[in-house]
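Heads up, the thing below is written out as structure tokens.
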Amino acid sequence: MVNFISPSILSSDFANLAEECYNVLNAGGDRLHVDVMDGHFVPNLTLGAPILKSLVKRMKEKYATNAYYDCHLMVAEPEKWVKDFAAAGASMFTFHIEATKDPVALIQTIRGHGMAVGVSIKPGTPLSVTAGFGKTDILSMVDLALVMTVEPGFGGQSFMGDMLDKVREIRKRYPDLEIQVDGGVSVDTIKQCAEAGANNFVAGTAIFKAEDWAATIAEMKALAK
């Protein structure tokens, strides 16, 4: 299974966002992880579809780059934002299982707008909740399962290693599913994430605050093999 390093632009310099994104991809990043927070579902406010739209436009026009925009929506009522993020250029729309009453319908809506679908699970949410919406496990309907290894809302938090039990269980049940971990992922923690079964690693502070982005990403990729 292919591994992905997904730098979280939450830790980038927003005043130079397009340049930072271009440089981190050139340094070996595979996908751009876009953290969208509404100040309601989580106690922080970040960016929305207009910023993403501007970023996508600038990346194409100035850098001739068609990046993969992995959008993680930590928002209440994610259904409201599917159309806007699709129009802005999102490649993947990941919603929180805790934020919607009808994930099946939401998944269908996201796919109908041409985006890949991810579902995210907060640390305090048991994995069993994904099977609580009828006969079909939600994890069997998505392209990616995101296991939060910190409480969502802010970057730079400490890694919660006990969340890897969820990764192990998902990998056991779905051998081919893309599993992403987000929160406290660094050169010190990525190996145990990979050994648990993750293959997509979100890293913000560990990359953007490093002196050498390329060396850090290369080391992370080597450790994740």
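The backbone N, Cα and C atoms fix where each Cβ goes, and this holds for glycine too.
Mapped onto three states, the DSSP output places HIS72 (divalent metal cation binding site) in strand. What TrEMBL lists as substrate binding site is SER8, HIS72, GLY153, PHE154, GLY155, GLY156, GLY184, GLY204, THR205.
Among the features that TrEMBL reports, divalent metal cation binding site is placed at HIS33, ASP35, HIS72, ASP182. Long-range Cβ proximity for ASP182 (divalent metal cation binding site), meaning a same-chain Cβ under 8 A and a gap of 6 or more residues, is found for SER8, HIS33, HIS72, SER120, LEU146, VAL147, MET148, THR149, VAL150, PRO152, VAL202.
Summarising the annotation, TrEMBL assigns active site, proton acceptor to ASP35. Just so you know, the Cβ of ASP35 (divalent metal cation binding site) picks up 24 other Cβ atoms within 10 Å once every protein chain is counted.
Annotation comment: TrEMBL describes ASP182 as active site, proton donor.
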Using a Cβ cut-off under 8 Å and a sequence separation of 6 or more, which residues in the same chain sit near GLY184 (substrate binding site)?
THR149, VAL150, GLN157, SER158, PHE159, MET160
Distance from GLY153 (substrate binding site) back to ASP35 (divalent metal cation binding site), taken between C-alpha atoms, in Å:
9
Specify the count of other C-beta atoms within 10 Å of the C-beta of HIS33 (divalent metal cation binding site).
29
Starting from each candidate's C-beta and looking 10 angstroms out, tell me which of the binding-site residues SER8, THR205 has the most other C-beta atoms.
SER8
Where does ASP35 (divalent metal cation binding site) sit in DSSP terms: helix, strand, or coil?
strand
